[in-house]
Amino acid sequence: MLFKQQVWLRQKLLVLGSLAVGSLLYLVARVGSLDRLQPICPIEGRIGARGQAEFPLRALQFKRGLLHEFRKGNVSKEQVRLHDLVQQLPKAIIIGVRKGGTRALLEMLNLHPAVVKASQEIHFFDNDENYAKGIEWYRKKMPFSYPQQITIEKSPAYFITEEVPERIYKMNSSIKLLIIVREPTTRAISDYTQVLEGKERKNKTYYKFEKLAIDPNTCEVNTKYKAVRTSIYTKHLERWLKYFPIEQFHIVDGDRLITEPLPELQLVEKFLNLPPRISQYNLYFNVTRGFYCLRFNVIFNKCLAGSKGRIHPEVDPSVITKLRKFFHPFNQKFYQITGRTLNWP
């Protein structure tokens, strides 16, 4: 009987000891990961309008967790009120371009503790039906955030839709505008590839890229093809410059964001007047996926959807050459207007 009691006691002590060691290791890992990701210090500089209070990064980490729980429906309206959560109009918008890397840019900026993203494309300014619902409808489509945070949304169709610049100007004439671009021919082929994949899923046939991009009657570039028109960046930008000065735009190199994301994100942080917080720790190359994924902490990682990084179809080299020659003068003007030269052929 005494022997059984001793065995039972030893087992009990082993279980309690394991629980204590496990809890200690978890706490060490958790605190260590937060310290590596975000140092414990106040943000050096102010976010948003002049006069807003500074806030500690550890508090922001907690707040981000609370926002995540609210989106899942695990936080009550009373908790929202107690924590001063609000739905703010965006202080910055990623206005384009389609297939330039808008989703990747938005997700990567969301690594910053002072940024809150709208998960879905709102299509408020480019959709007449949505726009007619009014600015309060738009505000209610925004995520909950803290007053010191920046809300960002992205809708790539904004860049090429004629009515959008004036509509955004009426909402906020000092808003910051982000445009992410890729080499124009590559972007056009990527645009085509996405449409092609959609057709194939529905068992529909589709023209080859060459037939769409080149006018069969003139053998010249077909400027009526939307994928080509979208890649003439300077034409669209000139329409925006009727309402906003060039200083309110920031050009992101979408090709570089794929291969070397951190320097591009640091430039955006500076443009948005955010303290530098995104580091190499937050970005890791996924060999299987073939592109960079996101690391928020030691527990939570995220890769973009499997539809990203589609393999492009082979395109006749002579068509690629013709397209690049066509885009070249527009590219040069784009560099001149924006003050940023990109490594495009």
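Note: Cβ is positioned from N, Cα and C throughout, glycine not excepted.
TrEMBL annotations: computationally assigned, not manually curated.
According to TrEMBL, the feature active site, for sulfotransferase activity maps to K99. Long-range Cβ contacts of K99 (active site, for sulfotransferase activity) within its own chain (separation 6+, distance under 8 Å): P156, R182, R187, S190, D191, Q194.
Here TrEMBL flags K99, G100, G101, T102, R103, R182, S190, Y292, K308, G309, R310, I311, H312 as 3'-phosphoadenylyl sulfate binding site. With a 10 A radius on its CB, G101 (3'-phosphoadenylyl sulfate binding site) counts 27 other CB atoms from all the protein chains.
Note: C303 (disulfide bond) has non-local neighbours N286, R289, C293, L294, i.e. same-chain residues 6+ apart with C-beta under 8 A of its own C-beta. Residues or ranges marked as disulfide bond in TrEMBL: C293-C303.
Residues annotated as domain 'Sulfotransferase' in TrEMBL: 90-334.
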Exercise for review: Would you mind listing, in sequence order, the residues at least six apart from H312 (3'-phosphoadenylyl sulfate binding site) in the same chain with a Cβ closer than 8 Å to its Cβ?
Suggested key: T186, I189, S190, T193
Exercise for review: Could you tell me which of these binding-site residues, R103, R310, has the greatest number of Cβ atoms within 10 Å of its own Cβ?
Suggested key: R103
Check your understanding: 10 Å Cβ neighbour count around C293 (disulfide bond)?
Key -> 16
